[in-house]
Amino acid sequence: MLSSPVNLPKWLEENSHLLKPPINNYCVYNDDFTVMIVGGPNARTDYHINQTPEWFYQYKGAMMLKVVDDGNFRDIIIREGEMFLLPGNTPHNPVRFADTVGIVLEQKRPADTIDRMRWYCQNCKEIVHEASFHCTDLGTQIKAAVEAFKGNEQLRTCKKCGVLADWSPKPGSIQDPNVQ
């Protein structure tokens, strides 16, 4: 049986409490496609690598999508009303700010695909740690990987330069495009 359409403003009014850290998302549909409503703020330093594309739409406010594009670290600002299609296998860190809401659409993962969570050294940009898993429940699996990294200084120590990687961004280290 088909479900009813979602009235997004009404849904947010009634359910915004469901958008909780560290991922701040709620899965609205989870069949051939996963549709998530995502709120801010969040505070993560990991880069997610999904083998399939991800579609981002910013319903309220702007977000920053930190990416590694052909080996270069850069920030993509997705403003209110804008959408962006991220190609598969692109390391990305979605940064969401207070009072922002977006929609993310992902394909259901084929059985042979592996998602990865990668942390880079803020000093030398080497990979500090990588966790991998077949994604069946994005919210719980990403949260578990983030919590494991947060709680283990050995995982967070760069083997190249010895710097302890941050598990969350330092206050003030990310410019909020909503206040410029």
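All residue numbers here begin at 1 and follow the chain in the order shown.
Each Cβ is built from the backbone N, Cα and C atoms, and glycine gets one as well.
What Swiss-Prot records for Arg44 is O2 binding site, and it gives sequence analysis as the kind of evidence. Other Cβ atoms within 10 Å of the Cβ of Arg44 (O2 binding site) number 25 in total over all chains.
The Cβ of His92 (Fe cation binding site) has Tyr47, His48, Ile49, Glu54, Leu65, Lys66, Val67, Val68, Leu86 as same-chain neighbours under 8 Å, each 6 or more residues away in sequence. Residues or ranges marked as Fe cation binding site by Swiss-Prot on the basis of sequence analysis: His48, Glu54, His92.
For Glu54, Arg96, Glu106, the entry in Swiss-Prot reads substrate binding site. Around the Cβ of Arg96 (substrate binding site), the same chain contributes Asn24, Val38, Gly39, Gly40, Pro41, Asn42, Met63, Gly102, each under 8 angstroms and 6 or more positions distant in sequence.
Look at Cys161 (divalent metal cation binding site): DSSP puts it in coil. Within 10 Å of the C-beta atom of Cys161 (divalent metal cation binding site) sit 12 other C-beta atoms, taking all shown protein chains into account. As annotated by Swiss-Prot, divalent metal cation binding site applies to Cys121, Cys124, Cys158, Cys161.
Shown are the binding-site residues Cys121, Cys124, Cys158; of these, the residue with the fewest other Cβ atoms within 10 Å is Cys124. The C-beta environment of Glu106 (substrate binding site), restricted to residues of the same chain at least 6 apart in sequence and closer than 8 Å, consists of Phe33, Thr34, Met36, Asn50, Thr52, Pro53, Glu54, Trp55, Leu138. Secondary structure at His48 (Fe cation binding site), taken from DSSP and collapsed to helix, strand or coil, is strand. Within 8 A of the CB centroid of the Fe cation site residues His48, Glu54, His92, the other residues of that chain are Tyr47, Ile49, Asn50, Leu65, Leu86, Thr90, Pro91, Asn93, Pro94.
Rounded to a whole number, the C-alpha distance linking Arg44 (O2 binding site) with Cys161 (divalent metal cation binding site) is 22 angstrom.
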